[in-house]
Amino acid sequence: MKITQLTTYRVPPRWMFLRIETDEGLIGWGEPVVEGHARAVQAAVHELEPYLIGQDPARINDLWQVMYRAGFYRGGAVFMSAIAGVDQALWDIKGKALGVPVYQLLGGLVRDRMRTYGWVGGDRPADVIDGIRQRVDAGFTHFKLNGCEELGIIDSSRAVDAAVARVAQIRAAFGNTVEFGLDFHGRVSVAMAAVLIKELEYLRPLFIEEPVLAEQAEHYPKLAAKTHLPLAAGERMYSRFEFKRVLAAGGIAILQPDLSHAGGISECLKIAAMAEAHDVAIAPHCPLGPIALASCLHVDYVSWNATLQEQGMGMHYNRGGEVLDYVLNPQDFRLDNGFIAPFTKPGLGVEINEALVLERSRDCPDWRNPVWRHADGSVAEW
């Protein structure tokens, strides 16, 4: 079997799908994208074509190493996301060729279902209580929300009090019948993260995500030493080599690799194993589409230390396209009290509605995250 063609489709709301075709008619799908930089990833995918066309898609490990090493320069969000989408599609082809789900190729199940969580509240968290009630009615017990709005490098007690009051309302309304993570989204400086975490600790959120930006990772162990709350990070780390340094330094209790950013299934399986060796959980990052979610779940199903799976159904970003819009088998993503059962179809288990993908890709707007500014006019972290 040989790879014959790579085709990319940018689709709403902010995703990109990759279709890899073979000379035997088997098709594999991947989801290579960096939100807000889809065109850059699209170009990177097609720059990889000379390493892929005419090659055997079953040689996933070799093709991954060629893509990563042959071009000399490597790493970063755009390049590793391009590799990630190709890798997902190659696993999809291999599973289809052998007639088994990808998790069987990775050694088989370690669990019978995977707990997922949904988002509430939006970019600037609002209507959180109503959002949680809707999720509870749908059977969820675990959620995530942004822990704060934009914060200055040193900010006011009022901003801290507002963030704490929001979380206190959740505990007052629901007690400990729900669990929630708080995403600082890299909006918070080291100094303000220490203040916020201390003030929030008594409310016992499940974890604090991206307490500071990944480029400030040397502060993770310092922040962890000041709290009993688990710290989570990883969505803006792109290879096992970046995760290696974070694991060695300590401080992070939950790694959150993104299967569409951090080299795909092949790389994230290694990251999960590295995390397990350090007694660290994984909870893959996935505010994306169905192929990314399926890829995450296959890693979750075979990784003992997978604890939670983010999923973007009903997420505030999904204007113009929902996670299951593009699939012909939405029943296989059915949520049962927040859990998703292992897929039974071969490959990734996602049947893509190619006609709809083609239609919506013809006039897909470019998605950009908003540019926020502080009161003094300086740019704020989103």
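Backbone N, Cα and C define each Cβ position, glycine as well.
In the three-state DSSP scheme, D183 (Mg(2+) binding site) falls into the strand class. Taking Cβ-Cβ distances under 8 Å and a sequence separation of 6 or more, the neighbours of D183 (Mg(2+) binding site) in its chain are K144, L145, N146, G147, E209, E210. Residues or ranges marked as Mg(2+) binding site in Swiss-Prot (evidence: sequence analysis): D183, E209, E235.
Summarising the annotation, Swiss-Prot assigns active site, proton donor to H185 and lists similarity to another entry as the type of evidence. Using a 10 Å radius centred on the Cβ of H185 (active site, proton donor) and all shown protein chains, the other Cβ atoms total 19.
Cβ neighbours within 10 Å of D258 (site 'Increases basicity of active site His'), excluding its own Cβ and spanning all shown chains: 30. The site 'Increases basicity of active site His' feature in Swiss-Prot is assigned to D258; the stated evidence is sequence analysis.
Here Swiss-Prot flags H285 as active site, proton acceptor, drawing on similarity to another entry. Other Cβ atoms within 10 Å of the Cβ of H285 (active site, proton acceptor) number 26 in total over all chains.
Around E310 (site 'Transition state stabilizer'), the C-beta neighbours below 8 angstroms that are at least 6 residues distant in the chain are T116, Y117, W119, K144, Q256, A283, P284, H285, C286, P287, C296. Residues or ranges marked as site 'Transition state stabilizer' by Swiss-Prot on the basis of sequence analysis: E310.
Cβ neighbours of E235 (Mg(2+) binding site) (same chain, under 8 Å, six or more residues apart in sequence): E210, Q256, P257, D258, H261, H285. Excluding D183, E209, E235 themselves, the residues of that chain whose CB lies within 8 A of the CB mean position for the Mg(2+) site are, in sequence, K144, G181, F184, H185, E210, A232, A233, Q256, H285.
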